Amino acid sequence: MNTEASQDQTVTETPGVRLRQARESLGLTQQTVAERLCLKVSTIRDIEEDNAQANLASTFHRGYIRSYAKLVHLPEDELLPILEKQAPVRAAKVAPMQSFSLGKKHKKRDGWLMSFTWLIVLVVLGLTGAWWWQNHQAQQAEIANMVDQSSAQLSQNGGQPVPLTDDNRDAIAPTDAPAPVANGQPVPLTNHSVSAITNSAPTTSSVPTTSSATTSSVPTTSSVPKINSTEPVDTANTNTTMHQEGAASAAVSPSQVPQPGMPTGQPPLPTADAGVSGSASSVGALVMNFTADCWLQVVDATGKTLFSGIQKGGAVLNLAGKAPYKLTIGAPGALTISYQGNPVDLSKFIKANRVARLTVGVE
């Protein structure tokens, strides 16, 4: 009997039973208690049935019981000893702190990645610089080769650049021998001499030629008596012959002036100066003004090389041929070009500081 009474007393001494009895004595319902404590009805029911929620921390569970005891006017000192035996305070599980080594590993990996990225950037910059340097060296070597070729041509042509045209090739006629002289007086020109002089005249735009005036003003051997060294020469005939010879030379080429050191009986070869001066008025004319020494090569549409050599600063070169023209310029900044009165843009070649290869006159 004593054992059963002690068991009943133990049952009645649980916190949930004490709280339910106190609530019922005050005439409160579980719903009223839940509203006053701002809790769920299920939470009040679990407290009265001594069911501890698994997902609820013991600290919150003890706090709910204290609030419930205050509401039903039960002293906390009577409930706390029983509550500690029924639901002891569980130690909170503290997660171990992560070591800083993980962050160090991340930083180390990021450092290697940045180093590899910078290495790639440096390699790309190095390759770009090497490529630019190779192109620069190739351009300089090409310019040097052009200058060497031009120097060789100048040395072969007696220090003057000669435009390579068909007219200049025809100008080199077999007239190496000086004009015959009889008793210190010039002999009238023959038909062969007149044709040689006519062919030797340059045919650029700045040098006019009149073959009709030449042939009409020069006497032939059939109308001039032969001069013998033993016979006296008539002064009047000699003067007439000299005047006729002067008229013939004036009709052949008014712009030619005998070069010093050149035989008087041989017509001078056309040089680059034959194409310099004057304004280009013909269709397809190409005008180049040089501000500094520059190597130049001009080829027309037929493949004829109109000019190849070095021009000095201050010179003006006029060329006429069949368009379009293919130009190769060693120093684009040393000249200005106009085609049919319109300037040709060389700015992209000047900025690039390289040999200019362009075609002018393409329709």
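From the backbone N, Cα and C atoms, a Cβ is placed for every residue, glycine too.
If you look up Swiss-Prot, you'll see 1-111 marked as topological domain 'Cytoplasmic', on the strength of sequence analysis.
Residue counts for the domain 'HTH cro/C1-type' (19-79) by DSSP state, with H, G and I taken as helix and E and B as strand, are 42 helix, 0 strand, 19 coil. Taken from Swiss-Prot, the feature domain 'HTH cro/C1-type' covers 19-79, and the record attributes it to sequence analysis.
Under the heading DNA-binding region, Swiss-Prot lists 30-49. Within the same chain, residues 15-17, 19-20, 23, 61, 64-65, 67-68, 71-72 sit at least 6 positions outside the DNA-binding region (30-49) and bring their C-beta atoms closer than 8 Å to a C-beta of that stretch.
With a threshold of 8 Å between CB atoms, no same-chain residue lying at least 6 positions outside the transmembrane segment (112-132) comes near it. Here Swiss-Prot flags 112-132 as transmembrane segment, drawing on sequence analysis.
If you look up Swiss-Prot, you'll see 133-363 marked as topological domain 'Periplasmic', on the strength of sequence analysis.
Among the features that Swiss-Prot reports, region 'Disordered' is placed at 151-277.
If you look up Swiss-Prot, you'll see 188-199 (among others) marked as compositional bias 'Polar residues'.
For 200-225 (among others), the entry in Swiss-Prot reads compositional bias 'Low complexity'.
Annotated compositional bias 'Polar residues' per Swiss-Prot: 226-243 (among others), in sequence order.
For 247-259 (among others), the entry in Swiss-Prot reads compositional bias 'Low complexity'.
In the predicted structure, the topological domain 'Periplasmic' (133-363) carries a mean pLDDT of 63.
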